[in-house]
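Chemist: Residues or ranges marked as transmembrane segment in TrEMBL: 21-42, 101-122, 128-157, 192-214, 220-242, 254-274. The domain 'Potassium channel' annotation in TrEMBL covers 93-150, 204-282.
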Amino acid sequence: RSNELSCCCRSLHINEDNGRFLLLAILILVYLLCGAAVFSAIERPSELQAHVRWNRTLYNFSDRFNITLQDLNSFLREYETAVAAGIRADSLRPRWDFTGAFYFVGTVVSTIGFGMTTPVTVAGKVFLIFYGLLGCAGTILFFNLFLERIITLLAVVMKAFRLRRLRTSGFLPPGICRDFAASSLPGWKPSVYHVMLILGLSAIVISCCASAMYSPVEGWAYLDSLYFCFVTFSTIGFGDLVSSQGESYQHQSLYRLANFLFILTGVCCIYSLFNVISIVIKQVLNWMLGKMNCLCCQRCNKTNAFLGRRNAIRPGSRLRQGRFGQPLDSERPCDSDTDGRRLSGEMISMRDLTGSNKISLAIMQKQLSESANGYPLTVCGSSRHNGFSGGVGALGIMNNRLAETSDSR
C-alpha cells in the first residue's frame, strides 16, 4: 500500500498524456449525458405531440376516403423511398445535374453531409467510398493549412498593434526603425485567448451576414438562418434546413456563388475556432491534472512521514540481510531531493533508492536514444513543462505559435 502511494505522483507524472486522455474521455461522457438529459427534456414533449397529431391525421384520412391503414402505410413507405431519391411534393432543383452533383460532392469532402442527396445505385455508393476517402483527407489538410496561415496573419497584425501601442505609450522612441522595433519582441507570441476572441467575432459576423442573406431568399426566420449557419459551418449537417435547393431564385447565379463563399469561409473559420478552443480545454485539463497531482503528493508526503521511520535505514540501526544473506549497505547517503529525510537525519529506504536509480537509468536511455535519432532533447522537457507536446494535425500547427503552447512558457 505504501509503495503504491509513494509511486502515485511519479506514475501520474510519467503518464501525463494518458491521464489527460482519460480525463477528457470522462468529461466528454459526462457532457454527453448532460446534453442528452437537456435535449430529452426539451424535445421529447414536442415529439409525443407530433405523434398524436400524425395518428389523428392518419385515422381521419382513412375514414374520409375509405382506405385501410395498411394500404395507407404502404403508400407512405413508397413516398419515403421517393423522398430519399430526391422527389418532393414541391418543385425543387434537380439533384444530379452537374450543379446539383457539385453541391453534393462539396458536402461530402467538407464532411457536412446534409443527407438530402444520397447515391442510390451500387456504383454510386462504391465510388463514394473511395472518393470521400481521398476528398475528406485533402480537405482536412486544406483546413489545417488555412489554420496555420490565419494564426500567422493574426500574429503579425497583433504584434504590429502591440508595437504601435508601445510606441504611443513612450516605451519606444518614435524615430526608431521598424526592423529594430520588430526585433525588440523576439519571444512575443499572441495569446490563445486573443486569437479565440478574434475568431469568435469573425464567426459571428460571417453567420450574421449569411443569415441576413438566407432569410429573405429562402424564406426562413432569422433565428432559423443562424441555426443553419452554425450547423453547416461546424460540419454537423443535419439536413433539416438546406440552402440553394429551390428550383429557381432571383439572381440565381449570384446567390449560389455567395452561398458557396459563405459556407467555405464559415467552415474554415469555425474549424480554426474549434481548434483554438481545444487549446483552452487542454489548459483546463492540465490545471485539473496539476490539482490532482498536488493532492496525490500531499497524501504521499503524509504517508511517507508516517511510515518513514519504520522503512528507512537509520545510522546505527541493525543491518538487514539481503536475499542471499549479505548485509545491505546502510551508510549510503540520501540522493533524493523529493523528500526531506536528509534534513531530518534519516536515510532513504533501499526500495526508494533502487526505484529512483531505475527511473534515472530509463531517462538516460531515452536521452541517448533521442540523441542517436537526431531528436532535440528540449522537446520532451518543454512539453512536460507547459503540458503541450508536438502533436499532429491542428495541434501540431498551433504548437509554439501561441503564447500558451510555446517552449519558453
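Glycine is treated like the rest: Cβ placed from N, Cα and C.
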Chemist: What are the helix, strand and coil residue counts for the domain 'Potassium channel' (93-150) according to DSSP?
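Modeler: Taking each residue of the domain 'Potassium channel' (93-150) in turn, the totals are 41 helix, 0 strand, 17 coil.
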Chemist: Where DSSP helix means H, G or I and strand means E or B, what are the helix, strand and coil counts for the domain 'Potassium channel' (204-282)?
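Modeler: Tallied per class, the domain 'Potassium channel' (204-282) gives 58 helix, 1 strand, 20 coil.
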Chemist: What mean pLDDT score does the domain 'Potassium channel' (204-282) have in the model?
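Modeler: Per the prediction, mean pLDDT sits at 93 for the domain 'Potassium channel' (204-282).
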